[in-house]
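Look at TrEMBL and you will find His73 tagged as active site, proton acceptor. Among the features that TrEMBL reports, Ca(2+) 1 binding site is placed at Asp74, Val77, Gly79, Asp81, Ser83, Glu95. Summarising the annotation, TrEMBL assigns substrate binding site to Pro170. Among the features that TrEMBL reports, heme b binding site is placed at His200. Residues annotated as Ca(2+) 2 binding site in TrEMBL: Thr201, Asp252, Thr255, Asp260. What TrEMBL lists as disulfide bond is Cys42-Cys122, Cys75-Cys80, Cys128-Cys329, Cys207-Cys239. Look at TrEMBL and you will find 32-333 tagged as domain 'Plant heme peroxidase family profile'. The signal peptide annotation in TrEMBL covers 1-27. As annotated by TrEMBL, site 'Transition state stabilizer' applies to Arg69.
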Amino acid sequence: MATAALCFRASALSMACFLLAVPLLMAQDPSNLSLEHYSKTCPNAEHVVRAEMECAVRDEPRNAALMLRLHFHDCFVQGCDGSVLLDDTATMIGEKQADQNVNSLKGFEVVDKIKAKLEAECPGTVSCADLLAIAARDAVVLVGGPYWDVPVGRLDSKEASLDLANKDIPTAEQGLVTLISKFWEKGLDATDMVALVGSHTIGFARCANFRDRIYGDFEMTSKYNPASATYLSKLKEICPMDGGDDNISAMDSHTSSTFDNAYFETLIKGEGLLNSDQEMWSSIAGYSTADTVNKYWADPALFFKQFSDSMVKMGNITNPAGGEVRKTCRFVNT
C-alpha cells in the first residue's frame, strides 16, 4: 500500500509539473476590445448597467453571485460571447441544459432587465457578452470587492454549444490536475484559477454538488476538529444522503454576503464545501496552489489585485467566430 501511495503521489506531481511547463494558450483575439469602445456610440452604457445592478443586488444580494457565475460560465464555453444566455429553440439545445448549469444557473431575468434598458438607451449597440462582463464587475464591487476597468467590444455568438459546456466547465467533483488543465486550456494559469475560485466567498452550492464531499473526506481534511464537526452536522441537515438535491448552502459560512478573502481560511481549515475547491489546499498535487491559497488568506489586497487581473484576463477570451449584437439576449437576431 505504501509503495502504491508513493507511486500515485509521484504520478500526480509529474502531471502537475507537466501542466505547469506547457506554454499558456493565448486568449483568442481580444484585439478588438478597448475601454473606449462605447465612448461615442453609448457613453452611458456602464452607468445603465450599474444602476440596474444596484437595484438587483439591493432586492436580492444573491444576484451578485449569480451574475458573476453567469459571466464565468459564458467565458468558459466558446469564449465570452453571450452564448450561455441563449434559450433552446427547435433546432438548438443551449448551454442552459448543461450538467453544470441546469437547475442552478440563474440571473437571466436580471440580464433581461439590463438589456431592455440598454436597448432603450442605445438600440443595437451594447452586446450581451459585454453586459455580462460589466455586470459581473459591478456585482463584485457592490458586495465589497475590488473594482477593475472592463475592456469592451465583444460580439454575441449566433450559436451555443451544449457539448462544449458539458466538457469545458469545471465540476465540483474534479481533481486538481484536471482543474488546472481546464483553466490552462482557456489561457488561465493556476494562479488565475485560485484567484477566480476565491469568488466562491459570495457563492452558494446545491446539495447535489457537495453531498459526496460532506459524506466523504470532509472530516479528514478538517482534521476531525470539533468546531468543524458542528458545521458538518449543519451541512448534513441541509443535504441528507437522499433527496434535497436543490437545497443550497453558502460556500463561505461566515461572510457569504461580502466579497472578501475569508473563503481561503475555510480551505485552510479543511472545510471547503466543494471537493474541487478543497483540492487546491489538500491535494497531494497542490504544493503550489496551497501556497497561493495561504498568500491570499494572509493578504486580502494581494487577492483583490490578482482577482481583478484574472477577471480581465478571463474576459479577454473572445469567440474567434465573431457574431452580432443581439437585440434580446435570449435569441439571435432574425
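Even glycines carry a Cβ here, placed using N, Cα and C.
In TrEMBL, annotation is done automatically, which means it is predicted and not curated.
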For Cys207 (disulfide bond), the one of His73, Asp74, Asp81 that lies nearest, given that the recorded positions are compared by Cα: His73
What are the sequence-distant neighbours of Cys128 (disulfide bond), meaning same chain, six or more residues apart, C-beta distance under 8 angstroms? Gly82, Leu85, Val111, Lys115, Asp156, Arg326, Cys329
Are there residues of the same chain, six or more positions away from His200 (heme b binding site), whose CB falls under 8 angstroms from its CB, and which are they? Met251, Asp252, Tyr263, Leu273, Leu274, Asp277
Calculate the distance in Å between the alpha carbons (Cα) of Arg69 (site 'Transition state stabilizer') and Cys42 (disulfide bond), and round it to a whole number. 26
Within 10 Å, the Cβ with the most other Cβ atoms among the disulfide-bonded residues Cys122, Cys329 is that of Cys329
Rounded to the nearest Å - Cα separation of Asp74 (Ca(2+) 1 binding site) and the residue listed as 'substrate binding site': 12
Considering only the recorded positions Cys80, Pro170, Asp260, which fall within 10 Å of His73 (active site, proton acceptor) when distances are taken between Cα atoms? Cys80, Pro170
List the residues of the same chain that sit at least 6 positions away from Asp260 (Ca(2+) 2 binding site) in sequence and have their Cβ under 8 Å from its Cβ, in sequence order, or write 'none'. Gly144, Gly145, Thr201, Pro300
Tell me the Cβ neighbour count for Gly79 (Ca(2+) 1 binding site), meaning other Cβ atoms within 10 Å of its Cβ, over all protein chains shown. 27
Cβ within 8 Å of the mean position of the Cβ atoms of Thr201, Asp252, Thr255, Asp260: remaining residues of the chain near Ca(2+) 2: Ile202, His254, Ser256, Thr258, Phe259, Asn261, Ala262, Tyr263
